[in-house]
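Colleague: Under the heading compositional bias 'Basic and acidic residues', Swiss-Prot lists 14-37. According to Swiss-Prot, the ubiquitin cross-link annotation covers Lys218. The annotation O-acetylthreonine is assigned in Swiss-Prot to Thr219. As annotated by Swiss-Prot, region 'Disordered' applies to 1-44. Under the heading repeat 'PC 1', Swiss-Prot lists 414-447. If you look up Swiss-Prot, you'll see 448-484 marked as repeat 'PC 2'. According to Swiss-Prot, the feature motif 'Nuclear localization signal' maps to 14-21, an assignment based on sequence analysis.
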Amino acid sequence: MAPTQDPNSVGGGAKKDEATLKVPSKDPKKKDEKKDEDLSEEDLELKQNLELYVERVQDPNPELQKAALESMRQEIRASTSSMTSVPKPLKFLRPHYGTLKAFHETMADSDLKKYLSDILSVLALTMSADGERESLRFRLIGTEGDIGSWGHEYVRNLAGEIAQEYTKRQSEEASIDDLMELVQQIVAFHMKHNAETEAVDLLMDVEDLDLLLEHVDKTNFKRTCNYLTSAARYLPGPDDMLVLDISYMIYMKFEEYPNALQIALFLDNTQYVKQVFTSCTDLLKKKQFCYMIARHGITFELDDEMVADDDDREALQDIVNNTKLSEGYLTLARDIEVMEAKTPEDIYKAHLLDGRASSGASVDSARQNLAATFVNAFVNAGFGQDKLMTVPSDSTTGSSGNWLFKNKEHGKTSAAASLGMIQLWDVDSGLSQLDKYFHSNDNPIIAGALLGVGIVNCGIKNDCDPALALLGDYIDKEDSSVRIGAIMGLGISYAGSQNDQIRNKLSPILNDAKAPLDVIAFASLSLGMIYVGSCNEEVAQSIIFALMDRSEAELGDALTRFLPLGLGLLYLGKQESVEATAEVSKTFNEKIRKYCDMTLLSCAYAGTGNVLKVQDLLAQCGEHLEKGDIHQGPAVLGLAMVAMSEELGVDMEIRSLERMLQYGEQNIRRAVPLALGLLCISNPKVTVMDTLSRLSHDTDSEVAMSAIISLGLIGAGTNNARIAGMLRNLSSYYYKDMSLLFCVRIAQGLVHMGKGLLTLSPFHSERFLLSPTALAGIVTLLHACLDMKPIILGKYHYVLYFLVLAMQPRMMLTVDENLKPLSVPVRVGQAVDVVGQAGRPKTITGFQTHSTPVLLAAGERAELATDKYIPLSPILEGFIILKENPDYREE
């Protein structure tokens, strides 16, 4: 066998490209002589040998043929193991490809013919014309040998040809068995050589992902599943669900339970969640699962199959019920030293502004006080103390009663409810503080207390159902504000619980001819939240009948929009399941028909990133309509809802919203800021911030109000200094306009929400999981903001409290095996996407080291900076249980 050529030697290097590009000359002899002069001796020898083999292959003597083929095969194999440039033997055999092919046709079937097929198959790698798939054709009639020995590039090329051939055979309905045998070989080869992504791509092309389960092993299953889960985002349904199913099975096979649980939650498959619990035997791990379920916000009952011991089961159910949330949040607050209560004035920072604005604001107007109530509630949310509502009543500076009465009628509702927000997640203390309002004779105060009870219980489940016990009796009272307080309270406290007792109480209201429209609207919303994403037929029927019973005048009312929204929430993220209901909605009155259609479509595909639905919604937004058509608002919001699931979609959506601002009609421009607010919620991107800042000075006050609220949403819970500065300047710019000033105040409250410890983002677990209840709360607020004047600036401002459904601490808190806080060093930095990269790349960049508990901003990831402990969850967010590492040695 000739020695292989050193790639740097002059002969090889100079001719590398030339040889492959030259057009055959008229006088082959002359050309050959010229070419031979340029080759080094080794190359020349190789070339002559190969030419000799080609002649010998055509020799009638089978012995000679066999020897020649064997030598040729050796030459090719020796050179194809590395594929940086076209290997020499392939280059020199180019002119003879046709000759060999023609001779191959004439050979009788024998082992020698198969041998030649193998060689032709490799030559076809560089020679065959596009779309001929010759490499594959020769491979299929060649020997059954190991394909890997011909090198990586060859296998890769084969995989590409198989995909094309498969599609062709599928359309002709021909047999694919021979292809599948080859696929088996290729997948095995790829999985052995760290090319999991290519193996997965091939299996997706031939629609046989189940093969993966046989080929994954301990070394590559994580990389394989990572690739599968990130690819699922870009696949059309139902393929995406299938891919996730496979990765769930792989995780279960290797007992990687936390990851399997995440996929089970993503698929919203209770059977899978149960399976994770029953398969895992480690109680500590089960506790970690419970924290994950609690963060996701679904109602989940453990049974004796999942946890055998009664005491253990009770302890675990407590974690699922989120009873530990308040305690963990306050631990974080103490650690960061932000327990000191803040007043609205601390947030407004009016002293930083020029004189004229701050002087005008000293007037004690009801609208200003209402704004201060909300700011106070958002900023001190969950801390259990503030300076307006929880002051002891005998203090000289003014008591909680005083602040309550600084608000006018319906303002008192929001003020009383704000006490629930301040006591957020601390059920016992919250209920005892709200108790005094139940004895009031003032209906708005009772309504606020009822709503407050709902807020305190938000996301916290309790066996004795205090919220239902307290609120159930008030649903059928005379006064509609009290009824709304009770209904909204139930909707917030039981969101996602699918509680039938409450359905039996609320459904009759929808079909009660005497009930006022606002009560019906809120009942529909609450039912939508309690049954969010459940596709419950009975609730859907009740809401549909309620919509059909509305008169022309009622359909024009701003609150009517909550009926289709309640209906949409039932199908949140459930894709095709909405189609039957969408058909029914086409029979509604034309005033509401399109609005309903857009709302259903956008809810059903929320967070799926479905490109076709984005196109449908864009088409709706492109129409230039008469005044009075309101369905484009939800279509614009729908764009954001569908596209928000992954970064690429978000960036594309931001660009198309920019276009809409330039070319869209007025009603579209009003919704665009809200859509931007949803896309970047609690994630203040500078470009979006600048767009909203520009829109906040728009001549159309509706656009300006939407933009201001959205500035609050994108900065929610971040304490972002730049947004805070913008809002301060806006407060002096709009100091004469009460409505706009109210919006500025609300936005200021949102930016400083929870003193910077909370987030409104419905995504968690590194943006993989979307919490349905959180999204429901945000979307409800955004739909209300499509028509600000009658709702948020009218007497239904307490709709703002729906945001509590999305409020979550943006913390990472490590606890020991007894669930007591444990401080360990962690690195926090920008998350890096490492899917499909070789080796073990760093997963975070630009990190700082802190000791836990720590705050995580949008797009940040944490990793432990010590080997002393092993975290029980691969994703460090929320509550993380640490187990001591038995192999750790102190240095």
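Just so you know, glycine gets a Cβ as well, placed from its N, Cα and C.
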Colleague: Taking a Cβ cut-off under 8 Å, which residues six or more beyond the ends of the repeat 'PC 2' (448-484) line up next to it in the same chain?
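Modeller: Residues 297, 299, 320-323, 325, 410, 412-421, 423-427, 430-431, 434, 437-438, 440, 490-495, 497, 499, 501-502, 505-506, 509, 516, 518-519, 522, 773, 798, 801, 804-805, 807 contact the repeat 'PC 2' (448-484) from elsewhere in the chain.
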Colleague: Given a 10 Å Cβ-Cβ cut-off, pick out the one of the recorded positions Lys218, Thr219 that has the most other Cβ atoms nearby.
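Modeller: Highest number of other Cβ atoms within 10 Å: Thr219.
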Colleague: Could you tell me how many residues in the repeat 'PC 1' (414-447) are helical, how many are strand and how many are coil under DSSP?
Modeller: 27 helix, 0 strand, 7 coil
Colleague: Would you mind giving the whole-number mean pLDDT across the motif 'Nuclear localization signal' (14-21)?
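Modeller: Value for the motif 'Nuclear localization signal' (14-21), mean pLDDT as a whole number: 42.
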Colleague: Take the repeat 'PC 2' (448-484) and count its residues per DSSP category (helix H/G/I, strand E/B, coil), listing them in that order.
Modeller: 23 helix, 0 strand, 14 coil
